Amino acid sequence: QXGDLVAAGKKVYRQCHACHSVGEGAKNRVGPEQNNLFGRVAGSLPDFRYSKAMKSAGENGLVWTDKSLHEYLKNPRAYVPKTKMIFAGLKKPEDIDAVVAYLKTFDTDGMPDPDASTYTPPNG
């Protein structure tokens, strides 16, 4: 169920919260804020200092989608070599599915996205 997946994602996202924020009033921290992430070109928030690697990835066509975020969260440094993100990655596919579902619930202003209730993980 999408609601259960989102609730699980909120718990898993606690690992991300030290560096990132999401939701109403989200601000850039060590990592960029993550409202309205899906469809965003990687490295494109104007007021965040990205690594050269992340900016280059975006310039070369990396856009955050369900699939690209799944791959990135598995192993950030393998997906975007030389990224500044120090997190090693999420090992469990179900945790990645949950975080993706959770992040999809936030629109540009950090408010609930009505389309998020239709999210189905690519793995099932």
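Even glycines carry a Cβ here, placed using N, Cα and C.
The model shown is predicted, which means the values in this text are computed figures rather than measured ones.
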In Swiss-Prot, Cys16, Cys19, His20 are given as binding heme c, so which of Met85, Met111 is in that site too?
Met85
For the recorded heme c site, enumerate neighbouring residues of the same chain (Cβ within 8 Å of the Cβ centroid of Cys16, Cys19, His20, Met85, site residues themselves excluded), in sequence order.
His17, Ala18, Arg29, Val30, Gly31, Phe87
